[in-house]
Amino acid sequence: MPNTQYAAPGIAFALIVMGTILSLAGTDLVLPAVPSLPETLSGSQAMAQLVLAAFVAGGCIGLLAFGELGARVDQRTLLVWSLVSYAIVSLACMFAPSLPALVGLRFVQGLTGAAAAVFAPGMIRALYSEEKAVGALGFMASIESLIPALAPVVGVWLLIGFGWKSSFLVLGVLSLVVAGLVALLRHRMPPPPSTRVPGSYLRHLTNPTFLRYALSQAFTLGGLLIFVFGAPAMITKGLDGTLNDFIIMQVTGISFFIAGSNLAGRLTQKFGPEPMILFGSAMSACGLLGVLLFALIGGSEPLFLALLFIPVNLGLGFRGPPGFFRAVIAARGDDARGSAL
């Protein structure tokens, strides 16, 4: 049950969502600049792709680190320091002297920005009753799903108008603003529970129920992200397309994800969580197999990628909300570590 002092939890919810958005934007806002980085900082296309991979790798380690810290330390304090550190590293990326240096900074950037994603589910559960928490998580997912569609558009505008450094400047400034708001409105955020639930990552890794939901969610989302991260370079260099083709693909995919995630709650009530998780996973898998077939037959029309992106994202929208919520439940109260994994 939520703490009774949170009669109007909207402010805390907004701060939590802003923190998760900034972390997500660290990938998609920078994405359009990646193909031009080898010329700007003297490197190869393969090294430029590491600018994205390093951020993700740092984020993975950051998730685990903040999951462990969040089970021991006040999450409100950790969230503030995470945002401040994320801002500092984002600004430092502007002054990277070379592509390898930028890759290293991106790793640290991903690591420092992971706290909000770890703490969001537990904080939302503390703010709302269980029924309202599910709705809040779904609404947060809908907002976050817009980032892969909108952030690259903003990234293209920043790249054309102000150069590749501008995206890092925006991330740094906004992170400092949100960190200040979280610190100022700390009393609005849920405090740590009076009693800590004993747990460990080993406990989750030996829990077959948790692993079933968590791994299926990770593999479905991972298959999508692997494709998206390489899409700008593939479309512009391999298919002789433009960044507009990439944007069309992203907007199409995210639109269907939003539709699927908004329908998922009602469909889950009608058919149950297990059928929806299986159906959504199968739909995403079919879409990604279509992408593989497109590559094997030598496809060259970027529009077909946008069409293949529809089942991939619609399936993820169907299975995402019930799958993630079932994984959190399977964590048995150890929300920080469970969300991190």
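Placement of Cβ uses the backbone N, Cα and C atoms for every residue, glycine included.
Per TrEMBL, the features are:
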DOMAIN    12-341  domain 'Major facilitator superfamily (MFS) profile'
TRANSMEM  7-26  transmembrane segment
TRANSMEM  46-66  transmembrane segment
TRANSMEM  78-97  transmembrane segment
TRANSMEM  103-124  transmembrane segment
TRANSMEM  136-160  transmembrane segment
TRANSMEM  166-185  transmembrane segment
TRANSMEM  210-235  transmembrane segment
TRANSMEM  247-265  transmembrane segment
TRANSMEM  277-297  transmembrane segment
TRANSMEM  303-320  transmembrane segment
Averaged pLDDT score, the domain 'Major facilitator superfamily (MFS) profile' (12-341): 85
Within-chain partners of the transmembrane segment (46-66) [C-beta distance under 8 Å, separation at least 6 from its ends]: 23, 26-27, 30-31, 34-35, 37-38, 78, 82, 99-100, 102-104, 106-115, 117-119, 201, 225, 229-230, 233, 336, 339-341
Chain residues in Cβ proximity to the transmembrane segment (210-235) (below 8 Å; excluding those fewer than six residues from its ends, i.e. six or more beyond): 27, 31-32, 34-35, 45, 48-49, 52-53, 56, 148, 204, 241-243, 245-246, 249-250, 277, 280-281, 284-285, 288, 291, 302, 305, 312-313, 315-316, 319-320, 323-324, 326-327, 330-331, 338, 341
Segment-segment contact (the transmembrane segment (7-26); the transmembrane segment (277-297)) at 3 or more Cβ pairs under 8 Å: no
Which of 103-124, 136-160, 277-297, 303-320 contacts the transmembrane segment (247-265) most, counting Cβ pairs under 8 Å: 303-320
Long-range environment of the transmembrane segment (103-124) - Cβ separation under 8 angstroms, sequence gap at least 6: 12-13, 16-17, 19-20, 22-23, 26, 47, 50-52, 54-63, 65-67, 70, 75, 78-79, 82-83, 85-86, 89-90, 92-93, 96, 133, 136-137, 140, 175, 189-190, 328, 335-336, 338-340
